[in-house]
Ligand code: HEM
């Protein structure tokens with residue numbers, strides 16, 4: 001985009017540089033660019049050519065960068081607008097689902113006996129990820145939308161104080177989220193490898209849409225595997241782009257990613273300036289966060305009011321045996337078989 005201007009600048013710099021005393025009408029003030037005319041000089045500034053200014057900031061010595069205007073228009077325009085529709089759409093869909101299907105009950109009624117679903121370490125990992133995600137989501141949404149909603153209600157001063165605290169929390173809580181993410185990946189990845197059982201689960205809509213339908217599942221069903229991989233991949237992408245925003249002008253993630261994508265047929269720009277990198281990181285971070293919040297709203301719904309007996313899995317770690325048989329029959333068989341083997345193994349030495 002700036003190629004010709006850069007070439008022009010390089011050519012200008014190759015010229016013998018007149019000293020300030022030799023500067024005549026039409027040459028650049030201070031003669032920094034040799035015989036470049038005033039018009040060319042200002043044009044280069046307007047085009048955002050790096051190095052025109054003497055300042056050596058990491059952003060690359062640009063005085064004007066028009067892509068900043070485009071970035072702001074995209075952030076405050078389509079990204080914010082479609083983000084609102086996405087979140088309202090997710091809540092509306094869940095409300096319609098609740099109105100039509102109601103709370104999914106344990107059809108055979110509670111058995112009264114329980115089975116351990118998640119060990120304490122798994123629950124710590126889940127709540128670390130979940131708690132930090134909720135804080136990040138609320139403080140992040142405030143950064144995007146707060147200014148439109150809160151100042152008229154609580155006043156500018158209070159909004160400024162809340163947003164400053166929220167920004168600080170957002171920066172630091174991000175690390176707790178990353179730790180939680182690594183923990184749930186390590187603990188659950190083996191249970192989330194896609195399998196043929198998932199196809200059958202999806203074919204029956206997971207039994208979510210009709211009573212009396214309970215497709216078999218192991219520890220995690222097909223829908224949960226989607227939530228798992230969305231959390232891991234979306235979370236990793238949020239972490240990386242968030243890192244780029246926390247430590248500005250130090251990464252070339254987008255240029256590197258675009259170069260890799262170009263190898264498989266894309267033709268994306270790879271001569272990105274440090275400022276372009278920041279702007280892309282901000283847009284990507286926001287889009288991924290909004291999509292993830294939409295998915296997690298559905299997850300929170302089904303893990304709490306949407307399904308009788310589900311919350312206990314992450315609350316006490318113990319679930320009702322009938323709930324487990326209805327939603328994770330193959331997993332129950334595996335656990336009971338292991339339990340039998342264990343008892344058998346313990347009993348053997350005594351025999
Ligand atoms: C804040 C409210 C939340 C509630 C009430 C909640 C509830 C639950 C429950 C009950 C389970 C176990 C389901 C089962 O036994 O089969 C679960 C699993 C899980 N949760 Fe959450 N959760 C919440 C937030 C989150 C957040 C924010 C994330 C990620 C950013 C998350 C990621 C996961 C993952 C990956 C699983 C395993 C896969 C799955 O069950 O879908 N949860 N959650």
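Backbone N, Cα and C define each Cβ position, glycine as well.
Annotations in TrEMBL come from automatic prediction, not curation.
Taken from TrEMBL, the feature compositional bias 'Low complexity' covers 1-24.
Taking the domain 'Cytochrome b561 bacterial/Ni-hydrogenase' (117-315) as a whole, pLDDT averages 97 in the prediction. Sequence annotations record features per position, and here TrEMBL assigns domain 'Cytochrome b561 bacterial/Ni-hydrogenase' to 117-315.
Look at TrEMBL and you will find 1-30 tagged as region 'Disordered'.
If you look up TrEMBL, you'll see 82-100 (among others) marked as transmembrane segment.
Residues or ranges marked as transmembrane segment by TrEMBL: 127-148 (among others).
Per TrEMBL, the feature transmembrane segment maps to 168-190 (among others).
Residues of the same chain lying 6 or more positions beyond the ends of the transmembrane segment (226-246) and with a Cβ under 8 Å from any Cβ of it are 129, 171, 174, 177-178, 181, 184-185, 188-189, 192, 220, 253, 277-278, 281-282, 284-285, 288-289, 291-292, 295-296, 299. TrEMBL lists 226-246 (among others) with the feature transmembrane segment.
The list of residues near the transmembrane segment (283-302) in space but at least 6 beyond its ends in sequence, with Cβ under 8 angstroms from a Cβ of it, reads 71, 74-75, 79, 83, 86-87, 89-91, 93-94, 97-98, 133, 136-137, 140-141, 144, 226-227, 230-231, 234-235, 237-238, 241-242, 245, 254, 310. Per TrEMBL, transmembrane segment is recorded for 283-302 (among others).
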